[in-house]
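Below: one structure, written as structure tokens.
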Amino acid sequence: MMLRWSGVWGFHPPRIFPSLLVVVALVGLLPVLRSHGLQHSPTASTIRGSEPPRERSIGDVTTAPSEPLHRPDDHNLTNLIIEHGGKPSRKAFPVLDIDYPHVRTPFEISLWILLACLMKIGFHVIPTISSIVPESCLLIVVGLLVGGLIKGVGETPPFLQSDVFFLFLLPPIILDAGYFLPLRQFTENLGTILIFAVVGTLWNAFFLGGLLYAVCLVGGEQINNIGLLDTLLFGSIISAVDPVAVLAVFEEIHINELLHILVFGESLLNDAVTVVLYHLFEEFASYDSVGISDIFLGFLSFFVVALGGVFVGVVYGVIAAFTSRFTSHIRVIEPLFVFLYSYMAYLSAELFHLSGIMALIASGVVMRPYVEANISHKSHTTIKYFLKMWSSVSETLIFIFLGVSTVAGSHQWNWTFVISTLLFCLIARVLGVLVLTWFINKFRIVKLTPKDQFIIAYGGLRGAIAFSLGYLLDKKHFPMCDLFLTAIITVIFFTVFVQGMTIRPLVDLLAVKKKQETKRSINEEIHTQFLDHLLTGIEDICGHYGHHHWKDKLNRFNKKYVKKCLIAGERSKEPQLIAFYHKMEMKQAIELVESGGMGKIPSAVSTVSMQNIHPKAVTSDRILPALSKDKEEEIRKILRSNLQKTRQRLRSYNRHTLVADPYEEAWNQMLLRRQKARQLEQKITNYLTVPAHKLDSPTLSRARIGSDPLAYEPKADLPVITIDPASPQSPESVDLVNEELKGKVLGLNRGPRVTPEEEEEDEDGIIMIRSKEPSSPGTDDVFTPGSSDSPSSQRIQRCLSDPGPHPEPGEGEPFIPKGQ
């Protein structure tokens, strides 16, 4: 059988199963070792508590209730022997001593974490099982087996205490979800998420509580004593969707972003409703009568709990972002601030009975953009992987201890109550989703289809939050808490096992859109931002203040004030694309210096454009090509005359009062200047000829520039034209054949000879060279480039924006620009 497994699944069970058996055996035998008198450490009395054995958990340090063996003090023993006339015997030096109580708590915690990690490795080694059964189901099964093994050796299995769950296991999962929350999808669907989280949870709680109260009235003697407040409290516990269970299942099926954010966002934001309802009904259960003022205060406490948690999270997020400004010299502690401030936000919210989950989400969302702008790339990687590791281990321990606590807990079974609870949970979820979606689709542009509604209703999983809240119930006020806990475990197991295992085949069967694994391209990002600005402008014109309008307001406020306070240095002013371009240029310059080459130096135009964008940047550290002041000034003139400032949108439109555009006059003047420049260029190109001078200098053909110079090879019988940049506002720079050059052009051998080397070193310009041999009377001379005789040269400067004259049919080949 071992050989068959090794050949089929590609792994060797003997390599991993013995380790698992050793860990399980150690966990089971530790209580046995503890009961055999190994608690003789002096620290054992300080960590021993008085709680019953079933209260022990991974964070609880209580021991078995048996009386410890007290050793007499060595000094008293010596005095006793001396009083009876004996000599004290010398104690032998202990070569090996066992002091397990001294290390019991961290040792057991390490063993449980090691068991969780080995289980995750074992599940993913067997792809057949992991593709069919969700990981959460397998972990619960492992917990059931470990709990049964511990109970089989005669010991009480550890129980998942609520304080351990809420203070140590839940925060890492929520922080990981809040820090890496897809903010765009979350904000765009915030209204839908709030309706599902608030209205849907209230509907489920009261619908389930009311129907269960009716069932208790007719269900028999065992459940007749359950009152309305008891069933409403139970309904508020079991109605909330659990974020841990949703994350564990939805991350494996890779559902699309819309459905994932709707279900997961609902599970995050319904925490405030669950906390308020839980404390409200728990307080009402101890009252003799409940008045209208109590109900109003309970309704008011919902806003206090929700908004108070958000406020606490925002405050700690801002403090964390501000602190990260000053960590540039001590990069090692940067990740620690993220963890500490987030955890402090959660504990501060729990201190005032606010929503700790809302505080964690708010702190993670607020601090992330500013912290990542201040910290190094290595710190960002550390934060990412540590949060993922921490949340994964916590999630694994939660599901394992759900199974262990099921074996360890005391249960009370009632078929009527348990089956009714399970049935009413499913009915309430389906009805709530259908009714709320019908209302939501009236206001949504992208409607939720029936397939989407089915996945949302089917994805309402329950988990450890409901279990921990049920365990917190006081048996004095709620004598049926064991029955409630049994019903909660039944609902959790049904949703995790049945719904969790069947949701993947149903998604494939219904052909629900899956999540795209690839990241969006730069083109998609640019178009997305363009559409955001476009929709913001449309809302401004229409006078409609939608979420695009408020998003634009927040972005402006963020850039103007917040970034300057929370982001260090010039990074708060520099756009991301320009910063990335500057970083790449610096990297290329460093590589260029190290290699000793000159092939990667940025071009002159690129360098000058970047200097204009960053006027305060220090250019001494960058390797730039030498530019003469005249050429740089010439380029600046061209940019000033041809570039225009972007017009700003009007803030609002009113048919009675129109806001004047301050750039309108400058815009009209610029259009006039461009029109004059085009007319001047047209005149230049139309009359670009050399006038005839008797018989020796016939007229030249009209000069033209080819549209694609790289597509042609230079010909010997064509003149060569190069363009020297000049300002279009300076017509004096356009020097058409003046009187001094006429004589040089007409003379055959009077001009200086231009060698090819001098021609290459000379500045660019339109150079026309006349051939040596004169033509016969009545025919045109043809100017050829590169003549061996001493030709005459003539320069014509033209603006870079001039494309040259348009080709006319019937004329010769176009001139080829020089040097291209």
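Using N, Cα and C of the backbone, Cβ positions are placed for all residues, glycine too.
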Candidate annotated in Swiss-Prot as phosphoserine, out of S130, S293, S609: S609
L181 vs G409, membrane side identical per Swiss-Prot: no
Annotation match for phosphoserine in Swiss-Prot, from S730, S776: S730
Tertiary neighbours of F165 (site 'Channel pore-lining') (same chain, Cβ under 8 Å, six or more apart): I398, A464, S468
Mean predicted confidence [pLDDT] for the topological domain 'Extracellular' (220-226): 84
For the topological domain 'Extracellular' (220-226), the number of residues DSSP places in helix, strand and coil: 0 helix, 0 strand, 7 coil
Contact yes or no, the transmembrane segment (292-326) and the transmembrane segment (449-473), 3+ Cβ pairs under 8 Å, gap 6+: no
DSSP-derived helix, strand and coil totals, residue by residue, for the topological domain 'Cytoplasmic' (181-190): 7 helix, 0 strand, 3 coil
In contact by Cβ distance (the transmembrane segment (333-345), the transmembrane segment (355-375); 3 or more pairs under 8 Å): yes
Contact between the transmembrane segment (191-219) and the transmembrane segment (257-287) (3 or more Cβ pairs under 8 Å, separation 6+): yes
